[in-house]
Amino acid sequence: MMEASAKDATETATHVAVKGEAAIKQEFITTKDAFHGFLDSEWQGSKGEKASENETPQEKKDPSVDEPECKKSKLDHEDVKKTEKQDKKRFRGQNKSRPHIKPTTYEEKRLCLSVIQKNGECKFGDKCIFYHDVAEYLANKPADIGERCYLYDTFGKCEYGLACRFATAHTTADFKTMEKEELVKAYEGRTLVKNSLSKDLQYRLRKRSVTFKKSEEYLKMLSDNKDKKEQQSNGDVCTAEVSAEPKEEIQHVSTEESLPTCPDIQPPVKTVGPLTDADVIKLRPCEKKKVDFKDKLYLAPLTTCGNLPFRRVCKRFGADITCGEMAMCTNLLQGHQSEWALLKRHESEDLFGVQVEGCFPDTMTRCAELINNYTDVDFVDINSGCPIDLVYKKGGGCGLMTRTRKFEQIIKGMNYVLDVPVTVKIRTGVQEKSNIAHKLIGEMKNWGVSMVTLHGRSREQRYTKLADWDYISTCAKLADPVPLFGNGDILSYEDAVKAKETGVSGIMIARGALIKPWIFTEIKESRHWDVSSSERLDILRDFTNFGLEHWGSDTRGVEKTRNFLLEWLSFMCRYIPVGLLERVPQKINERPPYYMGRNYLESLMASQNVDDWIRISEMLLGPVPKNFNFLPKHKANSYK
C-alpha cells in the first residue's frame, strides 16, 4: 500500500528542469504538496516510529506538522510575486535571531549530583534546589527513551545513574545502579578524551596568575625592535634637517659625523632587523615536531557541526586529519569552559589540531603558549578565513589578510612559543574580484608556516559562486615547498581527483563531509557509494551514541545531542542517493528538487522541512519536550 501511494505521488508530478537543480530520474520526481502529503500520511503518531517497508501505512497525520500550503491561483500568483522575491533575499546568511534555549530548561528540576555520585550529604544543605528524594524525582522524571543504555553496554557503567534517560537498563528495584566489572576494568586508567580544562587551570586563568614566559620574551623583542626603529627613524629625520649641504656632498659624510649636531638624539644602535626563522631556531633548545601533511584527507574545522562526535564518525569513514572548531583566543585565555570544550580530542583522532582566531600578537602568542603547555595537539591552525562580521570587523579572520604586519607578528610569535607546527587557513581575498592570497603565500613561507589551506572563495563571495580551483593551482605552485591544501566544492571522488590534478598537496573537505560523511571512503576507494536510508540511519545512530557519551545521557545531554543532530540533518538532507540520479555525480551547488525515495525513510531523509528532521531525531532520541523549538543556524538550510 505504501509503494502504491508513493507511485501515485510521483505520477502526478510534471517537473520542468530548473537551472541549479540536480538531475533526478523522472520516475522519482514529485511536487511539494504530494511529497509532504505522502510523508504526513505515512507517519505513525507522535512517538517517532517510522513505517517499515513491510508495514501497512496508517492515514494518521502528526498534529505537530502543519498542512502543506495550498497552491496559489494564477490571479494570486502575480500579487505575491514581489513578496516572494523579498523572502528569497531574506533566506540568506544566518538566523541571528533564532531561539537559544538552554538544554537545562527542558528539565524543571534535576536530581542532585550528591545523590547521583553517592557523595553523602549535599554541601548546599537546605538551600539546594534539586531533588534529594529518589522516589519523588522518578515520579516527575520524563519517561525513559529506551531499554538499553549505550554507556552501560560500552563501558560497563553509566555515571549518570538514575538521571540517565535509559536508567531502566542499569537500575535495580531498590534504585541501585549496576556495573559490569569486566568492562569497567578494561577501561580503567584509559583516557578517551584529552584536553579538558581543569578547575585549577580555570581558576588561575580567571585570576590571571598563569605565567607566559616565552610569550613575554617574544613580545619584549617586538617592543625593543619597535623602539629601535623609531629611534633610528627620528635620527634620520634630525640628520636631514640639520644638513644644508647638497645631496652629492652628503653622500661622502658619514652618519657618525652628522649626528652630533642633534644633541637630543643618541647614535643609532645597529639592529639585526625583524625576527627571522634563524633567530627562532637559535633561541629554541628543542626541535619542533614535524607532521607529514602530504596526500591526506583533511576534515575542515566546522563551526557548530564539526563537534567531537561528528569527527569520530568521519574518522571511521577515513578522514586522516581532524581539527577542532574555531576557538576565540581571548575566551581561551579567560578560561571559558564552553570555548575549551572546542579543544577536546578523542583517542581515535591520531592527527589532530586546534584552530584559534585572534587579531593581536600578544593574545595569540599567549594563547599558543597556553595550548602548548596544557593540551595535546599535533598542530595549531590560525583562522584567517572567517567571513562573519563579528570577527572580521575586529580585524580577525579574513581581516588578518589585509593586516600583513600584524599577521607576520602573530605567525612568528606562535612559532616562537609552540613545539608543534603552525598552519594557516585563508581565502582568496576579501573583495570578490581582488585576489590577494598569492601575495601572502610568498611572505608566509618566510614567516615559518608549515602548511597553508586555501578556500577558493573570497569573503564577499561566500557560496554564491563555485570555488576558483585555477587560482588554487597557481597558489600551490607559489607555495612550494610548503604544502598547500585546496578547499571548495568537493562532493565526490571525481571532484577530488580533479582537485589533486591542480598540484595541491592535499584536499580539505567541509560541506561535502556534512552532506555525506562517507565521502572519505569514496575518495580512497575511487567509487560512488549508494548508501541506503537504513545505513544512513545507522550512521545517525552512531552519532547519537557518541553524543550521549560526550554530552551525557541525562535529559540535558539528550537534548544537546538532539540539537547538534538537527544542525547536521540540515546539511545531510541535501544528499541525493546515487540510484536516483540521472547524472552521476551530484554537484554540491545543485539543490535537489522534490522527489520520492525508494522507501518511506529515504523520502523522509530528503525533506527540507525542520519538522521532518525532528521526526528523524525522535526515532533515535525519543519524543521532543513540550517546549522544544529549533531553527537551523543558516536560513537556506530549511525551506518549504
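The first residue you see is number 1, and the count goes up from there.
Every residue, even glycine, has its Cβ placed from backbone N, Cα and C.
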16-45, 106-135, 316-345, 556-585 - the one TrEMBL records as zinc finger: 106-135
- request: If TrEMBL is the reference, give me the range from 1-21, 295-315, 400-420, 610-630 marked as region 'Disordered'.
  value: 1-21
Statement: Same-chain residues at least 6 beyond the ends of the zinc finger (148-173) with a Cβ under 8 Å from one of its Cβ atoms are 110-111, 115-117, 134, 137-138, 141-142, 179-184, 186-187, 545, 548-549, 552-555, 557-558, 622
- prompt: Cβ under 8 Å to the zinc finger (106-135), counting only same-chain residues 6 or more beyond its ends: which ones?
  reply: 141-142, 159-163, 175, 554-556, 559, 625, 627-628
